[in-house]
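Novice: Next up is a structure, given as structure tokens.
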Amino acid sequence: MAPNNCSHLNLDVDPFLSCNDTFNQSLSPPKMDNWFHPGFIYVIPAVYGLIIVIGLIGNITLIKIFCTVKSMRNVPNLFISSLALGDLLLLVTCAPVDASKYLADRWLFGRIGCKLIPFIQLTSVGVSVFTLTALSADRYKAIVRPMDIQASHALMKICLKAALIWIVSMLLAIPEAVFSDLHPFHVKDTNQTFISCAPYPHSNELHPKIHSMASFLVFYVIPLAIISVYYYFIARNLIQSAYNLPVEGNIHVKKQIESRKRLAKTVLVFVGLFAFCWLPNHVIYLYRSYHYSEVDTSMLHFVTSICARLLAFTNSCVNPFALYLLSKSFRKQFNTQLLCCQPGLMNRSHSTGRSTTCMTSFKSTNPSATFSLINRNICHEGYV
């Protein structure tokens with residue numbers, strides 16, 4: 001018996017929940033039977049399982065480093081730990097639910113699950129994209145407006161900002177929980193009826209268009225547009241700083257500029273990964289929403305949908321490994337936590353990675369330009 005794979009249909013109406021439904025008849029669309037291979041039933045959940053395991057290892061290790069290594073508890077690392085927590089939430093809720101539809105021909109989580117799971121999943125997506133926006137704002141302040149940084153109670157303020165991101169994300173996800181329900185759907189071509197967990201019934205074609213466009217704007221386009229503005233000013237400031245730096249230079253200023261470049265590059269990599277991994281999922285959701293009355297049973301649509309979903313979940317496990325490649329301090333801590341390196345390594349990292357406040361002023365070759373570079377917790381290379 002072919003599995004319940006309505007993820008290849010346009011009836012998949014939630015970009016974060018995918019298609020979790022119960023066929024009243026254990027049937028697959030006839031067109032699909034011509035090309036669907038039974039091996040998909042096991043291969044696809046296995047890929048989901050691999051993503052979950054890798055993501056759990058990476059994100060749990062990252063959070064453990066932040067909680068146990070005092071020198072790593074700085075402003076950007078707190079945001080990144082919050083990002084890792086959101087990724088963990090997505091991996092332990094959305095990924096197993098998504099994988100279950102290939103192993104069972106019915107919705108396994110009841111009406112309560114139909115309301116709770118979309119809420120949790122949308123909260124996680126909101127935490128991810130809004131935290132990336134906050135990280136970009138933090139890098140903007142550190143590089144473009146360093147004089148605005150207040151060292152006192154900085155970590156406490158960032159904790160409040162991180163908590164506010166979670167609260168806003170949950171508030172935005174409340175409509176998903178309120179309106180999601182088990183709705184009946186009917187496929188005319190195959191004369192099949194099934195029950196689908198969706199945020200609206202099949203009767204109104206306007207609802208999916210509004211829902212898909214709102215999700216695309218709020219959780220993708222608008223945050224990425226804000227991030228782009230921040231990084232435009234960051235890039236402009238770094239270019240100007242490079243031109244205005246005296247020829248003889250100041251070793252401390254050069255190191256600080258290089259450190260800020262590394263931090264900005266790391267956040268930009270996170271943003272790029274998010275944009276790349278989530279764009280296909282949003283595009284397919286928009287396509288389905290604007291072709292709601294049609295049912296696409298083609299192999300191309302089925303495979304593209306699966307790849308888009310897997311790519312979206314992959315985003316929840318790649319950030320720790322991107323950090324591993326970009327940050328020497330995190331790489332040392334990661335090896336210590338995960339690979340059980342010698343105990344002395346942790347102590348050395350504490351002494352060499354101690355937080356300090358650096359202030360350096362110098363005159364550029366332009367007499368009217370004076371730079372005062374102040375930032376907390378970024379003089380060392382330690383950046384998770």
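Cβ from N, Cα, C; glycine included.
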Novice: If I look at Swiss-Prot, which residue among ASN20, ASN59 would I find recorded as N-linked glycosylation site?
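Specialist: When Swiss-Prot is consulted, N-linked glycosylation site appears for ASN20.
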Novice: Are HIS183 and SER329 on one side of the membrane according to Swiss-Prot?
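Specialist: Going by what Swiss-Prot records, SER329 is on the opposite face of the membrane from HIS183.
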Novice: Test of record reading: of ASN24, ASN347, which one does Swiss-Prot tag as N-linked glycosylation site?
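Specialist: Matching ASN24, ASN347 against Swiss-Prot annotations yields ASN24.
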Novice: So, do the transmembrane segment (78-97) and the transmembrane segment (210-235) meet, by the test of 3 or more Cβ pairs under 8 Å (sequence gap 6 or more)?
Specialist: no
Novice: Tally the residues of the topological domain 'Cytoplasmic' (64-77) by DSSP class, grouping H, G and I as helix, E and B as strand, and everything else as coil.
Specialist: 11 helix, 0 strand, 3 coil
Novice: Can you see whether DSSP assigns CYS114 (disulfide bond) to helix, strand or coil?
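Specialist: The residue in question, CYS114 (disulfide bond), is helix (DSSP, three-state).
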Novice: Top stretch among 40-63, 116-137, 154-175 for CB pairs under 8 A with the transmembrane segment (266-286)?
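Specialist: By Cβ pairs under 8 Å, 116-137 leads among 40-63, 116-137, 154-175.
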Novice: Taking each of the disulfide-bonded residues CYS114, CYS197 in turn and counting other Cβ atoms within 10 Å of its Cβ, which one has the fewest?
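Specialist: Comparing Cβ neighbour counts within 10 Å for the disulfide-bonded residues CYS114, CYS197 gives CYS114.
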